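Undergrad: Can you keep this structure in mind? I'll have questions shortly.
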Amino acid sequence: MANVLDELLDRGYIKQFTHEEETRKLLENEKVTFYIGFDPTADSLHVGHFIAMMFMAHMQRAGHRPIALLGGGTAMVGDPSGKTDMRKMLTKEQIQHNVDSIKKQMERFIDFSDDKALIVNNADWLLDLNYVDFLREVGVHFSVNRMLSAECFKQRLEKGLSFLEFNYMLMQGYDFYVLNQKYGCKMELGGDDQWSNMIAGVELVRRKAQGDAMAMTCTLLTNSQGQKMGKTVGGALWLDADKVSPFDFYQYWRNVDDADVEKCLALLTFLPMDEVRRLGALEGAEINGAKKILAFEVTKLVHGEEEAKKAEEAANALFSGGADMSNVPTVTIAKEDLGSTVLDIIAKTKIVPSKKEGRRLIEQGGLSINGEKIIDLTRTLNEDDFEDGSALIKRGKKNYNKIEIQ
């Protein structure tokens, strides 16, 4: 069996190991069952999760078995890692809705047929735990002194860390133990912000089960300045087409900085690394060709080849006049809406996520209709704006929508 570790290292996925040599030997000699956890705090995954799923997909293609662990139980507590304040508490119903939505998205990326991968929910074992038994069986293996020194708790101690959240590390560690016992899971993969929690899980399995347990962290998706990627004018870059249209998703990758093209191709596509390096080395106008390939490949993986082609054609239509404009994301309004302010209409049709965001966009000169920059918040949308049957809205530099009258 080929060792996928070399491929993962070459592509830049891996940030840290708990046991590097043991991990290499295990991946060389066994079909390894591993897991990545996803807390269902929203009803869609975003691009930060996508890099983790690509990590899983590379492992699966090399013959290993992924478990996608949905945190229906841990979401009841909330992960304090990387947060300065306590997360908003979700109801059981909200969490279950999110779990169901995320399951559907995951099936686009990972092959769950014939036991090749599993989706499990930690609510199945966490919600019925006896607290005293849990403390005796699991809590005894955790040192409070060590927990307090963990990076995920440090930044919260001054602001206040609830006892509810303090339990999160124990619960995540217990997840690994349950998966180890039930499915023979020997490895956890996760974002680098989960390092402290992952170490806790590895140590718990090694102490309690006396077996192999190890962890690898995946690099976070950051740009060349070290800032997290995946933020848009409307917020997170969601993988749900109802939250971020395939066209806007395509445009995000089409417009990444030149310095980030090679990294994104390596982490977010299956293109061979020789091709990734060739594309990443292009300069000047040629790098735009590499960006188009990046945008198409990532959109194809997330939304399917048909939607990727539509997004590509729409972009060509807008920027070179060479294709069908029908693929530009389109919203409709009633004739009675004519005469309303542009601000009201773009908020009502969800072209912008909120009226506040629309106001900010107009005040900063980032909105135009049919090429006319909108600078007046009271500017109305009128029949004259629909001379060609539709009005073309431009947000920022390269985000477009069409408005049509029903």
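Numbering starts at 1 and runs along the chain as it is shown here.
In case you wondered, yes, glycine gets a Cβ from its N, Cα and C as well.
Small disclaimer: the values here were computed from a predicted structure and weren't measured.
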Undergrad: So which range, 158-162, 208-212, 228-232, gets flagged motif ''KMSKS' region' in Swiss-Prot?
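TA: Feature motif ''KMSKS' region' in Swiss-Prot: residues 228-232.
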Undergrad: Of the ranges 40-49, 60-69, 240-249, which one does Swiss-Prot flag as motif ''HIGH' region'?
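TA: Residues 40-49 are the ones Swiss-Prot records as motif ''HIGH' region'.
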Undergrad: Across the motif ''KMSKS' region' (228-232), what does the mean pLDDT come to, as a whole number?
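TA: Reported value for the motif ''KMSKS' region' (228-232) is a mean pLDDT of 78.
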Undergrad: What does DSSP call GLN172 (L-tyrosine binding site) in the simple three-state scheme?
TA: helix
Undergrad: What Cα-Cα separation, expressed in whole Å, is found between TYR168 (L-tyrosine binding site) and LYS231 (ATP binding site)?
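TA: With the alpha carbons as reference points, the distance is 27 Å.
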Undergrad: Could you give the number of helix, strand and coil residues in the motif ''KMSKS' region' (228-232) as assigned by DSSP?
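TA: Per-class counts: 0 helix, 3 strand, 2 coil.
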